[in-house]
Amino acid sequence: MVDHLPGHKGRYILLNRGENFRTIWLHPDDDQTVQIIDQRRLPHEYTVSDLRSYRDGITAIAEMLVRGAPLIGATAAWSLYLAALEARGQRDAAAFIQTAADELAASRPTAVNLRWALDRVMHRLHTAGPDADRVALTRAEAEAICDEDVEISLGIGRHGRALIEEISKRKNGATVNVLTHCNAGSLATINWGTATAPIYLAQQAGIDVHVWVDETRPRNQGSQLTAWELAESGVPHTLIVDNAGGHLMQHGMVDICITGTDRTTRSGDVANKIGTYLKALAAADNNVPFYVALPSTTIDWDISDGVKDIPIEERDSREVSHIWGRSGSELLEVVTVGERTPISNFAFDVTPARLITGLITEHGVCAATEQGLSSLFPEQAKRA
Ligand SMILES: CSC[C@H]1O[C@H](OP(=O)(O)O)[C@H](O)[C@@H]1O
């Protein structure tokens, strides 16, 4: 993997300002290289990294150069394209690509998009037969997944914007205050985001909106990614510590919570970044609507009980004991732990459907129930 520090400070252009911005793309001059933004270095450095093998893709996902369920899925799909390039001329190319898929599947456990994207690309290869052009097929699937994700985000944006517009009208045009947790923004997807898509479209429609941005310890996807992309897009926002959300809701300073999701069960239980469940509890206690922006690619139709059946990733304790500094590569030790103070670092939690007001999907808004999801996605529900 090669890091490029652009000579000029890259300007992060959202789709609503730069028509074709993507968070993952094929190198414009070398179709055997996939490029991504190294999100670990944001907001201080805008660094483009090259992926030249499927193992580069595994590193990018596991070490969170890319993160966010939809982008993880897209990176996995593009990594299978790189595997197909590596497999050319090999005696058993199909076995090589299958090994790549298996290793990619193990890179992070919670976001179902990873498994969904890998299964989709591998199904395309399996049904194409032994003489198929694997490079062309994997590229076509990776490009389709990215194109579809942009449309999914826009669909979520349109349906979510209607919710924000409704609140704005109720407040006679006064500012609508949205609270979000982690980064379910354009940086977690191919563009527009999921939780941020309604915000961007509301801004474009001239609705007065403000965002409370949870910093989201320990990786600070809120302070380092969401705050940055909202600032780049000119969306008014305020950074808060994770534990402030309940206080704001108690004092009527939050009109709606919108978060993303990494995996949602067919009954509407939602796995999302650690701390989401606590926000939902505070929202329920203060009658604040709590919505989850839900791309259909994150629905796991095979499970119903999220608390019991969604695998929760535990990450390296150094994410808690250390913090990324300005250099982006320097880790600053914030606590001295050693053997005397063990650390546990659960990266996700599950919010039970009963605490969720509604799910904002690309096909519309529904209740966080099996009936709600089945009504919007009857074909997928039937196949489950
Ligand atoms: C809609 S995907 C965004 C989702 O992904 C984040 O997790 P991570 O940054 O660890 O990949 C977080 O759960 C966001 O809500």
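Placement of Cβ uses the backbone N, Cα and C atoms for every residue, glycine included.
It should be emphasised that the depicted structure is a prediction, and the values quoted were computed from it without experimental measurement.
Going through Gln32, Gln35, Gln221, Gln224 against TrEMBL, the one listed in the substrate site together with Arg67, Gly68, Ala69, Arg108, Asn272, Lys273 turns out to be Gln221. Excluding the listed site residues Arg67, Gly68, Ala69, Arg108, Gln221, Asn272, Lys273, the same chain places Ile72, Thr110, Ala111, Cys182, Asn183, Ala184, Ala188, Gly260, Asp262, Ala347, Phe348 with Cβ atoms within 8 Å of the centre of the substrate site Cβ atoms. Between the binding-site residues Arg67, Arg108, Lys273, Lys273 has the most other Cβ atoms inside 10 Å of its own Cβ, all protein chains included. Cβ neighbours of Gly68 (substrate binding site) (same chain, under 8 Å, six or more residues apart in sequence): Ala111, Asn183, Ala184, Gly185, Leu187, Ala188, Thr189, Gly260.
Counting Cβ atoms from all protein chains shown, Asp262 (active site, proton donor) has 31 others lying within 10 Å of its own Cβ.
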